[in-house]
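Student: I am attaching a structure below and will ask some questions about it afterwards.
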Protein chains: 2
Amino acid sequence: MNKVTIVGSGNWGSVAAKLIASNTLKLSSFHDEVRMWVFEETLPTGEKLTEVINQTNENVKYLPGVKLGKNVVADPDLESAVKDANMLVFVTPHQFMEGICKRVAGKIRTDAEGISLVKGMEVKKEGPCMISTLISNQLGINCSVLMGANIANEIAMEKFSEATVGYSQNKEAAEKWVQLFNTPYFNVTSVQDVEGVEMCGTLKNIVAVAAGFVDGLEMGNNTKAAIMRIGLKEMIAFSRLLFPSVKDSTFFESCGVADLITTCMGGRNRKVAEAYAKNGGKRSFEELEAEILRGQKLQGVLTAKEVYEVLTARGWVELFPLFRAVYEISTGVQPPSAIVEFSNNKPSSHHRQSML
Amino acid sequence: MNKVTIVGSGNWGSVAAKLIASNTLKLSSFHDEVRMWVFEETLPTGEKLTEVINQTNENVKYLPGVKLGKNVVADPDLESAVKDANMLVFVTPHQFMEGICKRVAGKIRTDAEGISLVKGMEVKKEGPCMISTLISNQLGINCSVLMGANIANEIAMEKFSEATVGYSQNKEAAEKWVQLFNTPYFNVTSVQDVEGVEMCGTLKNIVAVAAGFVDGLEMGNNTKAAIMRIGLKEMIAFSRLLFPSVKDSTFFESCGVADLITTCMGGRNRKVAEAYAKNGGKRSFEELEAEILRGQKLQGVLTAKEVYEVLTARGWVELFPLFRAVYEISTGVQPPSAIVEFSNNKPSSHHRQSML
């Protein structure tokens, strides 16, 4: 009998709980109960968030109006939440993951399997530090990832959507994750390419910034589609340079082209970049981020910087004219219009093509 | 010295003339003059269209406000227009191509090369009849294709865009076409996959109809991205079943993912399908087409029907749940909401995945 715990209870974590809880009731190989670790908060009413979730089956703060299922149990104690589970779902903001791993290391079942829904990872000069690798290394467990075109509120409303599970070796574990997440309106498939799936989730945000520039410059659908396509090819090339095992076909999965489309159509990275271009680069990203996102954080500009550091350290800058342009525009070195001018740089463009 | 004639002078043909004419002036291996065959019309002013084009360097009917270049010569006589050229650019509505081929067969240079910009082709039970093949067979010349995310008016305004040349054998000829079309704002690359490039141009319209249904049902970006992705995978699978030589990588080119994005964001197929879904399938496509497009023709529904005939004839229906759903919805067999329900059909979905 499999026992599931969700580490995290934000917007996406709550939707994951709803999906999973509907399946554990149906599948005989899973315990009905789904435990969800909730970072305890006191609501304006004076009640504790965990108590309200357990009384109403609703995360009134991060997913109001949606029932999670009676078999979801909110638990404010991290160690108690994870200790009995053999299936651990990680879905917290990126920056909390290292601390969480330290707190639960040695306090989980030795036969546990993990899956990370955390989008974004750190790209450092010495190479990228992937969240799934962090979990694997710190907890000594196998860790898959789940990514895709997943706007949480749309899935909560049971609108049709898809996701991709990426795994490294253990196909059986991956199939168990697929079983746990898949519903008639949430179509999950698995691919043996954990790095490819996780890279998609990170790099798409750089392309979304580029797409936002195009929107801000009002250059039309042709140009935007071209920039998205070039971005996709650079995502593939960069992923493959870092991890030669990454498969082209992964980018045809939900985590690839579908998530890229969603992120470049809506999404906060696109939105702030659009405002930046509309202002001709005269107002900083920090200022626009604070004004437009009101506390939510922008990933794309940071990722562009991190990726650019890898490119310079490894001598790859000329191979990635779009990633470079996003970095140079967002740091004020180039004007927003440079987003469509990199192609003039013929030698590198040809070099890039022959490489791809 | 290469000599270029453009067969066709509509919106896209006129933009092609502008692109080409700017390059023949610069490239020493090309005659400056670009001849353009114009189907003669008398304008409301009483003037002939060819005369006005030659006086003003502007196609006042199909691309008003844009100078084509002084070296573009409009010619109302098809035979005279083609007889001296060794590079023939075909860009007319699909249905005129067979008649044009018959008229010029035997009246062109034996060393001529062709390129087709005609989107759409006939898919029949006995297999697809591609426009490039029609040209090749009827004229006895080699014929490449040029496709991509090409909204003509955006390119006319010199907004950054891309295109893909697909060729079968002759790489040198393909490189000459790239030289002829490529400008700083119109980035052309070539791939050795004429079938793949041409299939992209046709099949994307089926996916655009599916995307329009999702828009009409107001299902959000997640769902739309998922449907576009599934459509792209079916495009690849269908192309490869018909032409095993088709390459996956072609779908990462402008003719593939970029054109799909443009077509599913704007585009007439999407628009009419959206109206169809909004009306719950109660008003026919014919009626909506007449009302919304005012004489322009819808490709997607017709292509869906043609492809469905191939699928039934070859026993492939179960492998293409999305193409099937578009056909069944557009013929009233299923309601528009079926566009997101095909995935319940698990066996075929799994079969499809293992095949892709």
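All positions are counted from 1 along the displayed chain.
Here the Cβ of each residue, glycine as well, is placed from N, Cα and C on the backbone.
Not measured: the values here are computed from a predicted model.
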Student: Among B:Ala149, B:Ala152, B:Ala210, B:Ala211, indicate the single residue that TrEMBL lists for the NAD(+) site containing B:Gly8, B:Ser9, B:Gly10, B:Asn11, B:Trp12, B:Gly13, B:Phe39, B:Phe96, B:Arg268, B:Lys297, B:Gln299.
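Tutor: Candidate listed by TrEMBL for the same site: B:Ala152.
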Student: Spatially speaking, which of the recorded positions B:Gly10, B:Trp12, B:Phe39, B:Lys204 is closest to B:Asn269 (substrate binding site)? Use C-alpha to C-alpha, please.
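Tutor: Smallest Cα separation from B:Asn269 (substrate binding site) among B:Gly10, B:Trp12, B:Phe39, B:Lys204: B:Lys204.
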Student: Taking only C-alpha atoms and a 10 A limit, tell me which of B:Gly8, B:Gly10, B:Trp12, B:Phe39, B:Ala152, B:Lys297 are near B:Arg268 (substrate binding site). These are the binding-site residues.
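Tutor: Correct set: B:Lys297.
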Student: What are the DSSP helix/strand/coil residue counts across the domain 'Glycerol-3-phosphate dehydrogenase NAD-dependent C-terminal' (B:193-341)?
Tutor: 116 helix, 0 strand, 33 coil
Student: Calculate the distance in Å between the alpha carbons (Cα) of B:Gly10 (NAD(+) binding site) and B:Lys204 (active site, proton acceptor), and round it to a whole number.
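Tutor: Taking the Cα atoms only, B:Gly10 (NAD(+) binding site) lies 22 Å from B:Lys204 (active site, proton acceptor).
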Student: Given B:Lys119 (substrate binding site) and B:Lys204 (active site, proton acceptor), what distance in Å do their CA atoms have, once rounded to a whole number?
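Tutor: Computed Cα spacing between B:Lys119 (substrate binding site) and B:Lys204 (active site, proton acceptor) is 10 Å.
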Student: So of B:Gly10, B:Ala152, B:Lys297, which of the binding-site residues has the fewest other Cβ atoms within 10 Å around its own Cβ?
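Tutor: Minimum Cβ neighbour count within 10 Å, taken over the binding-site residues B:Gly10, B:Ala152, B:Lys297, occurs at B:Lys297.
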Student: What is the biggest Cα to Cα gap, in Å, among B:Gly8, B:Ser9, B:Gly10, B:Asn11, B:Trp12, B:Gly13, B:Phe39, B:Phe96, B:Ala152, B:Arg268, B:Lys297, B:Gln299, the residues listed as binding NAD(+)?
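Tutor: In whole numbers, the farthest two Cα atoms are 25 Å apart.
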Student: What is the separation, in Å, between the Cα atoms of B:Ala152 (NAD(+) binding site) and B:Lys204 (active site, proton acceptor)?
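Tutor: So the alpha carbons of B:Ala152 (NAD(+) binding site) and B:Lys204 (active site, proton acceptor) sit roughly 17 Å from each other.
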Student: Given the recorded substrate site (B:Lys119, B:Arg268, B:Asn269), which additional residues of the same chain have their Cβ within 8 Å of the Cβ centre, ordered by sequence?
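Tutor: Filtered neighbour residues, in order: B:Asn205, B:Ala208, B:Thr263, B:Gly267, B:Leu298, B:Gln299, B:Gly300.
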